[in-house]
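Enquirer: This is the structure, below, for whatever I ask next.
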Amino acid sequence: MRFPQRRLLIRRVELTPPPRPCCLRTTTFSTTAAAASPDRRLLAVLRGCVSPSHLSLGLQVHGRAVTAGLHATDTALQTRLVGMYVLARRFRDAVAVFSSLPRGAAACALPWNWLIRGLTMAGDYRSALLFYLKMWAHPSAPLPDSHTFPYVVKSCAALGAIALGRLVHRTARTLGLDGDMFVGSALIKMYANGGLLWDARQVFDGMAERDCVLWNVMMDGYVKAGSVSSAVELFGDMRASGCEPNFATLACFLSVSATESDLFFGVQLHTLAVKYGLESEVAVANTLVSMYAKCKCLDDGWKLFGLMPRDDLVTWNGMISGCVQNGFVDQALLLFCDMQKSGIRPDSVTLVSLLPALTDLNGFNQGKELHGYIVRNCVHMDVFLVSALVDIYFKCRAVRMAQSVYDSSKAIDVVIGSTMISGYVLNGMSQEAVKMFRYLLEQGIRPNAVAIASVLPACASMAAMKLGQELHSYALKNAYEGRCYVESALMDMYAKCGRLDLSHYIFSKISAKDEVTWNSMISSFAQNGEPEEALNLFREMCMEGVKYSNVTISSVLSACASLPAIYYGKEIHGVVIKGPIRADLFAESALIDMYGKCGNLEWAHRVFESMPEKNEVSWNSIIASYGAYGLVKESVSLLRHMQEEGFKADHVTFLALISACAHAGQVQEGLRLFRCMTEEYQIAPRMEHFACMVDLYSRAGRLDKAMELIVDMPFKPDAGIWGALLHACRVHRNVELAEIASQELFKLDPHNSGYYVLMSNINAVAGRWDGVSKVRRLMKDTKVQKIPGYSWVDVNNTSHLFVAADKSHPDSEDIYMSLKSLLLELREEGYIPMPDLCCPTHLDSSTQVQQQ
């Protein structure tokens, strides 16, 4: 190895010992050392070079050794040079010096150990193992010793080479070194990290002597494997053996109590920390603050924080994170300012903890300020900080800013990619989300479970079941399906793609169902026309002891509104009043909607008036409830009150108001509200608004205006708009316009039997039997099955289902006798049947009579 020539700062003095010892106070080598010979003096100085800051001195010694001719003869000096370069993290130079060692120096284990240690420290685990194997192959190399095996085992563990690690373990056992505490500690850690807890425990139990480090390694292995009970049991054995825990022991178990939110266990550990005098240790104090914060005892965290020195960055980060987790965002921002005033510079961990809080506040401006701080102070933009910035911009609907942060990042990994996918889905950009997922695959980045769960909602929103099935297959191949959030996303995707059977199949296969899984399945049933199944699932959820939330209550109330089943709704209302959770704004809004759709407007209004706080959703729910009964005047009055309370009407508000006008037949008022929405509130009308306007004109018999509106729409009409027009054509017997609407419907929804039957009946009433035959022939060619309509009646809180000419009910004879008697009375009163107006628009929909 060639070294650059350096000007050695060495004075020429007599090599006689000084009258008294003197200390080496400079970083240059001096010949005034007390050694008896030059090689011993150089070796003594090299032993003092133990960090990168001593590299300059080490280079001078190396140069002096070369000049003096000692480099090729003194094996101890050469070995120590290898060690000096390893400690200075100059691993290439260490390898170069090692390669120049004579055969005699290679017979000692020390240079091999230095080099294996250095390569392991550098993260070059393959090279470390390669030199270990060369150590065995070298003709004059010694046997590995107790200093060799710890780093060899560590390299095996880092590479996941457990099989090779077992061979190294067997070799250590053969050499009688498996009982060494350092070797044993490395073996336990390798087995524990590889999930082989039994092997790790075998090594641990075979150790004759166990110090605190060894106990800590075994307990940490149990904790990381999720076997907390075994770790706690081992902790008891440790104390019983007389070995006192250190700061690492308590920090490990405090992190467990924080993760599990186990305050009782955390307080016990705090007591132990005080008993052993470890509460002032920074690592213990920081984990104590984190534990109290995660256990919702922030006051105790504040007390500890007040007693701690304010010069540790981790301490500040822990307290800021605790404030954010407990919803005290203002205090977190004040701490962030105080942190800078005290001279502590925030790092990426600080900012990652703080940014999600600004998202909750919709703090777009505060987020930009923090982004500016990051740029000005050159804070390292790691993947987590990039993801946090992207996340806040997406949640504040600043899509361009999010994309700008993503584009400026130097590298992309699965974390950033997953955040981008979630952000696109949140902003309704499903195609961009799928493109980002495909880009990850193109870049050779393997999607993890989070990425799969993030892209599945995009498939659901686009009804892209084929892509969803491909992702499902990928999740199965990579064993991701066992994770609740992946399974919940799969259930939601299949449900929104119209495959409730597959959604329920996945749900039934989940062994450990959490609250999110139950909520997802209940919501899927409620939203896909299976309200009874949703209610049955809610009962099953309660019977299994799963805690429900306001999300559950909202979904179940939606199912009650769809039936409608007011008695079930009242029972759930009672659960909300008497149950363990307090209804939030959305659950109370769902109550209003349920009572409104079940025909009890008085209770809907009572729930609305009793709400301590209201938001746009609750106002929209009560307006829609009044609007469903055609009470336009009351609905508009509620709109004014809503504005007076400081709430702004949105597209849902105007949808309810225009629908109210359609039910009441108030065309001019509906047209006024539509113009008010577009001109005054600058709200772009959506498909459902145009459908309401078509229904408004159609109910009033103004089919020409309805058709004119359809033609002038800024986007292509869907089946709902053409269906409303077809229904109006049936009422007003406009066969020509019905022909146009039906042709569009047969293209948009070719398998809906209701449209075919409706058009056939329109032709029959008009005497166009050729048209009837044509429609029936089309149904046969398209293989459309006529779905029978059904009705049900609720008597004494029991539902009774009927189809046409149904005789399956046990009381069918009495029912038909009562029906005949009722028809006779109706005719006596002058009733004239009109069968052409009794055909429902959708034969798969139902009608209901409810006995209050």
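Heads up, the Cβ atoms here are built off N, Cα and C, so glycines get one too.
Quantities reported herein were computed from a predicted structural model and do not represent experimental measurements.
Pasting the relevant annotations from TrEMBL:
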REPEAT    211-245  repeat 'PPR'
REPEAT    312-346  repeat 'PPR'
REPEAT    413-447  repeat 'PPR'
REPEAT    514-548  repeat 'PPR'
REPEAT    584-614  repeat 'PPR'
REPEAT    615-649  repeat 'PPR'
REPEAT    650-680  repeat 'PPR'
Enquirer: Go ahead and report the DSSP secondary structure tallies for the repeat 'PPR' (211-245): helix first, then strand, then coil.
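Expert: Result for the repeat 'PPR' (211-245), in helix, strand, coil order: 26 helix, 0 strand, 9 coil.
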Enquirer: For the repeat 'PPR' (312-346), find every same-chain residue at least 6 residues outside the stretch whose CB is under 8 Å from a CB in it, and list them.
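Expert: Residues packing against the repeat 'PPR' (312-346) from afar: 282, 285-286, 289-290, 292-294, 296, 298, 301-302, 305, 353-354, 356-358, 360-361, 366, 373, 377, 379.
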Enquirer: Count up the helix, strand and coil residues in the repeat 'PPR' (650-680) according to DSSP, in that order.
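Expert: Within the repeat 'PPR' (650-680) the tally stands at 28 helix, 0 strand, 3 coil.
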Enquirer: Using DSSP, what is the helix/strand/coil residue split across the repeat 'PPR' (413-447)?
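Expert: Once the DSSP states are binned, the repeat 'PPR' (413-447) shows 26 helix, 0 strand, 9 coil.
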